[in-house]
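Undergrad: Mind having a look at this structure? Questions to follow.
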Amino acid sequence: MSTAAQSVSATYDTVLRRNPGELEFHQAAKEVLDSLAPVVERHPEYLDAAILERICEPERQIIFRVPWVDDAGRVQLNRGFRVQYNSALGPYKGGLRFHPSVRLGTIKFLGFEQIFKNALTGLPIGGGKGGSDFDPKGKSDAEVMRFCQSFMTELHRHIGAETDVPAGDIGVGGREIGYLFGQYKRLGNRYESGVLTGKSPAWGGSLARTEATGYGTVIFAREMLATRNASFDGARVIVSGSGNVAIYAIEKVQQFGGTVVAVSDSSGYVYDPDGIDLDLLKQIKEIERGRIADYVVRRGGRAELRTTGKVWDVAREPGGVKVALPCATQNELDEADVRSLIAGGCLAVAEGANMPCTPAAVNLLHESDILFAPGKAANAGGVATSALEMQQNASRDTWTFEHTADRLEQIMINVHSQCKETAEEYGAPGNYVLGANIAGFVRVADAMLALGVI
Ligand code: GLU
């Protein structure tokens with residue numbers, strides 16, 4: 001083994017030893033570290049400064065108690081997290097996830113991914129992530145508000161427009177950001193708009209932020225398809241999930257002439273061979289906070305709800321699938337699902353969610369020559385537009401939808417070309433995983449070197 005490969009493997013051993021039981025974090029760290037031996041080979045200065053080991057260790061991890069009172073007057077308790085991972089390039093930046101599955105290891109995997117994703121945008125943002133095991137599903141607005149107020153009562157002392165700027169993720173959308181900002185503003189008696197992103201455009205948010213993650217993923221996939229002279233025009237597409245990322249991925253696919261024939265939620269998936277009715281889906285998910293089962297009922301017999309199997313099985317239906325966009329959650333697409341995609345003639349997979357493909361799925365995608373865009377590149381449009389929101393807040397300005405969406409498109413085109421060119425430079429053309437990991441890492445590593453041992 002070369003010295004570089006030995007250092008990479010020693011760093012991974014340290015990650016395992018220091019973070020026992022945090023399987024998702026181990027998975028995310030391994031995926032990045034596996035790409036880095038050729039980089040540290042070329043840059044021994046990274047090894048001398050222990051950049052690999054330092055980049056895997058969060059600068060700060062905060063865990064706190066979040067008590068709140070439900071509508072029946074009972075005291076409830078959740079756990080809150082904020083992992084301030086790396087601030088070499090700018091204030092910590094990354095979303096908050098509210099979901100019952102959230103553990104420290106979940107937030108660490110997401111925060112670690114965020115470092116490289118944010119670096120790929122080319123904008124001055126560091127990496128962080130937070131959240132709670134609180135489940136907003138089935139809670140009243142008043143309960144969500146009381147939870148958010150309690151969560152922010154602790155979090156506010158750790159964040160700030162120049163320090164750490166949270167936003168949304170699974171379970172945290174415009175409603176939650178509103179309640180969180182309200183409490184932050186009240187505690188500090190300051191209207192510090194830039195402390196959170198994903199705000200409503202009615203009070204300091206950016207136009208196009210809601211659409212940005214889904215739009216960006218599809219723009220990235222379009223760029224990737226173009227390298228094989230293919231496009232979304234006339235394509236059958238499977239999208240998993242039915243939340244914010246999925247909805248705006250569907251919208252962009254439709255704008256590009258494709259047909260999304262399936263979506264999912266935790267209860268199953270919908271097969272809608274004529275193409276998803278997006279207005280109906282938005283009404284049910286964004287306004288009524290309903291389920292895809294309601295969509296099927298109101299679609300009048302044109303769509304089918306399936307509660308066994310997985311959304312990727314749709315690839316085996318007549319017509320197959322050209323593009324798959326996993327937009328739900330981590331490890332939702334495995335090796336068996338890739339076999340379905342291969343059987344359906346799939347050309348490209350782009351991750352709208354964070355780490356939705358298992359490592360075995362990614363290996364098989366690479367072997368089978370299906371184009372594969374990892375989330376840290378393909379879904380960077382959300383956080384990039386958050387950085388544009390920070391710019392607008394700092395200059396007390398608001399941009400038009402068109403201007404913001406144009407900037408987003410340009411950023412995604414740049415992220416794509418960086419990944420593609422870096423993969424080529426390192427002798428692995430078409431390997432977007434390698435390209436994204438190396439390009440993101442080098443930007444952060446160079447900043448860390450310049451800032452000294454901190
Ligand atoms: N949660 C999103 C992500 O995974 C967005 C974070 C942000 O806007 O800060 O990148």
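For all residues, glycine too, the Cβ spot is worked out from N, Cα and C.
All TrEMBL annotations are machine predictions without curation.
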Undergrad: Looking at TrEMBL, which one out of Ser368, Ser386, Ser395 binds substrate in the same site as Lys93, Gln114, Lys117, Gly168?
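TA: Of Ser368, Ser386, Ser395, Ser386 joins Lys93, Gln114, Lys117, Gly168 in the substrate site that TrEMBL records.
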Undergrad: Can you name every residue in this chain, apart from Lys93, Gln114, Lys117, Gly168, Ser386, with its Cβ inside 8 Å of the center of the Cβ atoms of the recorded substrate site?
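TA: These residues sit around the substrate site: Gly94, Gly95, Asn118, Ile125, Gly127, Lys129, Ala167, Thr197, Gly382, Val383.
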Undergrad: Determine the recorded positions, out of Lys93, Lys129, Asp169, Asn244, Ser386, lying near ligand 1 in the sense that the CB is under 6 Å from one of its atoms, and give them in sequence order.
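TA: Lys93, Asp169, Ser386, by Cβ distance under 6 Å.
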Undergrad: Can you tell me the three-state DSSP label for Gly168 (substrate binding site)?
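TA: The three-state answer is coil.
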Undergrad: When you tally the Cβ atoms that lie within 10 Å of each candidate's Cβ, which of the recorded positions (Gln114, Lys129, Gly168) has the highest tally?
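TA: Max Cβ neighbours within 10 Å, all protein chains included: Lys129.
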Undergrad: Cα distance, Asp169 (site 'Important for catalysis') to Asn244 (NAD(+) binding site), nearest Å?
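TA: Just about 9 Å between their Cα atoms.
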Undergrad: Using all protein chains in view, find how many other C-beta atoms are within 10 Å of the C-beta of Asn244 (NAD(+) binding site).
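TA: Excluding its own Cβ, Asn244 (NAD(+) binding site) sees 25 Cβ atoms within 10 Å.
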